[in-house]
Amino acid sequence: MSGHSTYVPKSPVMKWFESRLPLFGLIHSSFVAYPTPRNLNYLWTFGGILSFMLVAQIVTGIVLVMHYTPHATMAFSSVEHIMRDVNYGWLLRYLHANGASMFFIAVYIHMFRGMYYGSYKAPREVLWILGVIIFLLMMATAFMGYVLPWGQMSFWGATVITNLFSALPIVGEPIVTWLWGGYSVDNPTLNRFFSLHYLLPFMIAGVVALHVWALHVVGQNNPTGVDIKNPAKDAVPFTPYATVKDAFGLVCFLVVFAWFVFYVPNYLGHADNYTEANPAVTPAHIVPEWYFLPFYAILRAIPNKLMGVIAMFSSIAVLVFLPWLDTSKVRSAVYRPLFKQFFWVFVAVCVGLGYLGAMPPEGGYVIAARVLTAYYFIHFLVILPLLGLFETPRPVPASIADAVLAKHGGGAAAAVAMGAASAPSKK
Amino acid sequence: MKKTTLLIAGALAATLAAFAPAHASGTEKPPRVSWSFAGPFGTFDRAQLQRGFKVYREVCSSCHAMSRVAFRNLAEPGGPGFSEAQIKALAAEYKIKDGPNDQGEMFERPGRPADRFPAPFPNENAARAANGGAYPPDFSVLAKARTYERGFPWFLFDIVTQYQEQGPDYIHALLTGYADPPQGFPLQPGQSYNKYMAGNAIAMPKPLSDGQVEYPKGPDGKPAAPETVDQYAKDVTAFMMWAAEPHLEARKAMGFKVILFLIVFAGLLYFTKKKIWARVHDEAHA
């Protein structure tokens, strides 16, 4: 996409190094000269925000591990030790705990942005699927991380979620025993979750590298969904244009992050997790972290346990097939009047499922969860395939530059030029 | 188009609301208390923390441990503000089990500032045996371990208004919520009726009564704060919040600086971005 590197080393040392390992050429072509569509809006800053959050989580996590003790009898006390006695330990822990939530807020915005602008469509299918893998790894990491403070919700959340595997016929019970390292969630479970919680972020970093690589092969999508045709007119170099815009977006995001960390640090957590894990006392409501609630609602909506587990995993697995379920040739929702409406209904359904996931599974809540679960799957399996066939999209601009001209120039000339150019450019 | 979306979203919200079953439990929502440590500039009231500590020491500590708090914490910045000398004298009043010594025996010695508060019972079973089967919870993080359901849409507003004092409000309500049970309300022996306890039956007998704890006198010879159940409850709750979050003041003070810095930094970046991108927009008009 970016072509051969335009990086020219100046000093003899750099020339010597570059001819042996063209590392700076790679960095230059990926983050400096890389052509980025000129019409990207602020939703495109979330890729950079997510990279920052991953690094922030790894850095705060590594320091926390220096003070944390992964043992069933000491984990809760060691977290309190961090909160009370470690210098700025409270800051590290609140950054890490709220950082997980911020990571998910950013990833959900990032995913919905991809859905709205059709960023999963050819040639970006692999890019999208790598994203789904990252999302799955994030969920596993976050789930195991929430177990580590060994509070009541840690313990019972781990018990409920690992128990899901017992729904599998024949192999279910042995799998659960194997996961626990015993016959209940206990010290062996805490130890292996700690080990995996340390490992998985580095796997995420690896898949992120692939995700960025795939992105740089196929190029970024943009609000029009039209490919870059003439880099000189449609694109701007990544640095300084995207760099400064991403930096501004990131700092705005950090204001929200700081608000949670310093002013409402326990808002996104659960009070029960300040009570040490006790296998003899079950909390009144076992609720996962907020970012799992929509999936938890889907799990509980199905009366049969095995079917519920299958539905929950399917609700994520279906995302892998999204590039082929959406049959429309037009990428961006901007030019798809019907899809745009269905998109916002889908967003509302996801939020609704999240709300229902936090409510007790009784009465009307269950009925509502069933309706919304059904709609969740209908959106992917029925609405998206049919929309592509029946929807009449609005005319797509010939190029990114034309779309920008029409918006900013506002002049009749630009509009005429756009109309004239749009006909032959249809592939 | 936007209207349709709004309509659909509205219909969805209305459906959700209609499905929501009415809560049929007899527990009341705790009333809001105006805490000095609430809000972005919240700080603890030193005198209140000292009074709260007195209430804890004279009333609560006979059953409730506070094992994660050390005597030295009481003299640290952001806390009740006792002097080092006061803490030394206070710690020495406690007997701490230590050892083993050279002879291999455990022994008792006077407390030191670095010691943590000794628990009133040697273990949970002993605590239960002495309290009719109920286990008085440790005070160390209790103010963060208790809460009450805020409900939609209040839980959303709480992010902006920074309402984080559900725990303290609940504890204050519980301490002041003892009442005579309604006719025919089933209470087990040893239980009391409480308006705010889940299920309304609580194993802790009414712990506070007016005039129970003597408060320091002001220059006019009157107590510095009213010696009432309500005031005792407020003071001990504030103390519990400090015990649960001893670095609350440092956190809020740093937060203000961090957010101020980030907003200024964002402003500078915004104008830098505008300047850099101006070239591109000029081209668009050319």
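Yeah, the Cβs are placed from backbone N, Cα and C, and that goes for glycine too.
What TrEMBL says about a protein is an automatic prediction, not a curated fact.
Here is what TrEMBL says about this protein:
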DOMAIN    A:13-224  domain 'Cytochrome b/b6 N-terminal region profile'
TRANSMEM  A:43-69  transmembrane segment
TRANSMEM  A:90-111  transmembrane segment
TRANSMEM  A:126-148  transmembrane segment
TRANSMEM  A:155-180  transmembrane segment
TRANSMEM  A:200-219  transmembrane segment
DOMAIN    A:228-398  domain 'Cytochrome b/b6 C-terminal region profile'
TRANSMEM  A:247-264  transmembrane segment
TRANSMEM  A:306-325  transmembrane segment
TRANSMEM  A:337-358  transmembrane segment
TRANSMEM  A:364-390  transmembrane segment
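Long-range neighbours of the transmembrane segment (A:200-219) within the same chain, counting only residues 6 or more positions beyond its ends whose Cβ lies under 8 Å from a Cβ of the stretch, are 1-2, 30, 34-35, 37, 47, 51, 54, 57-58, 61, 123-124, 126-127, 130-131, 133-134, 137-138, 140-141, 144, 227-228. Of the Cβ pairs linking the transmembrane segment (A:364-390) with the transmembrane segment (A:306-325) and spaced 6 or more residues apart, 3 or more are under 8 Å, so the two regions touch. Per-residue pLDDT, averaged over the domain 'Cytochrome b/b6 C-terminal region profile' (A:228-398), rounds to 96.
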